[in-house]
Amino acid sequence: MDPHNPIVLDQGTGFVKIGRAGENFPDYTFPSIVGRPILRAEERASVATPLKDIMIGDEASEVRSYLQISYPMENGIIKNWTDMELLWDYAFFEQMKLPSTSNGKILLTEPPMNPLKNREKMCEVMFEKYDFGGVYVAIQAVLALYAQGLSSGVVVDSGDGVTHIVPVYESVVLSHLTRRLDVAGRDVTRHLIDLLSRRGYAFNRTADFETVRQIKEKLCYVSYDLDLDTKLARETTALVESYELPDGRTIKVGQERFEAPECLFQPGLVDVEQPGVGELLFNTVQSADVDIRSSLYKAIVLSGGSSMYPGLPSRLEKELKQLWFSRVLHNDPSRLDKFKVRIEDPPRRKHMVFIGGAVLASIMADKDHMWLSKQEWQESGPSAMTKFGPR
């Protein structure tokens, strides 16, 4: 593999995104799932798509009702290494069609607060199984900032498995202030399944998960004014949308459209005892050094698929202003206009981490000393990972 053209691999709980350094978009994006058929071999003939013993990504997604599905990653962290290696094989050899990964370079992403053992095992597999010549592991939130051309700011990175609030100052993650919220895209989908079930639509949490995820992506939004939207939903049909299911049935979705993503702001709705994303963001910035707070408030960057809901940026801004008003100004309106917030919601934020990784990998492509080399790994082992900087 050409060592001057590094691979960029952004592995998320929900989707794997893979491509080359310097690109504006991943070449391939596929669900981070591994499926094994539930049916016995003789029953498989009745299924239109031929079932293999192991199916990965989109091919597994298409026939998921016949499969036992495994998610190798939970909350951004690799839990099942055997299946993770199957995902990597699929990404490198089936999707990218690399003849070999030997001596190539790869930039991998990881969530903030990723256990060190996780990072260590990732490097070990890349060197010892795939024989890469150079490996670099970058923190997702920092890459999202790079994609925006910033080196300081607060990243609200909400993916499928976990939401992180990460303050970064001059490219260094302020890890003591990083907050993790265990509510993200997957929880919103599950919550939507429960809300629709209460209305009498029978959805199965596993087989219909993908269908409901698509309903969520098409119809859900974050409410700016909950009372107003609830009143509208109760008294009018203004919010009702029809959605055609894959089997041809049509369902009507009304107040569930804003009730499902509300769990990001009120985690108690999905039995998570944590403050919502607005309050967590406020607490994070307020815990930072007083000298950098205003620069952090002016550079809040949304990243990840679960930050794509219409209405999310304005609701976040509203919550920050309300919290500032009540907790800092003690309800004195005279100084409220001094509080400046800027929330950046770039249209490509679903792929922000990949884009930032592609930028960084292309800057580093010819700078061999910046990568962790196979030789360094063999000589020093895990202690060589200090190369990736503070975490």
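Glycine is no exception: its Cβ is also placed from the backbone N, Cα and C atoms.
Swiss-Prot annotations:
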- Met1: N-acetylmethionine (MOD_RES)
- Gly159, Asp160, Gly161, Arg213, Gln214, Ile215, Lys216, Glu217, Gly304, Gly305, Ser306, Ser307, Met308, Tyr309: ATP binding site (BINDING)
Secondary-structure category, per DSSP, in which Gln214 (ATP binding site) falls: helix
Listed binding-site residues (Gln214, Ser306), ranked by Cβ neighbours within 10 Å, top entry: Ser306
Set of same-chain residues at least 6 away whose C-beta sits under 8 angstroms from Lys216 (ATP binding site): Gly185, Val188, Thr189, Leu192, Ala260, Pro261
Local Cβ density at Met308 (ATP binding site) - other Cβ atoms counted within 10 Å: 16
Lowest local Cβ density among Gly159, Gly161, Gly304, which the record lists as binding-site residues, within 10 Å: Gly161
For Gly161 (ATP binding site), the three-state class that DSSP assigns: coil
DSSP-derived structure type at Ser306 (ATP binding site), helix or strand or else coil: helix
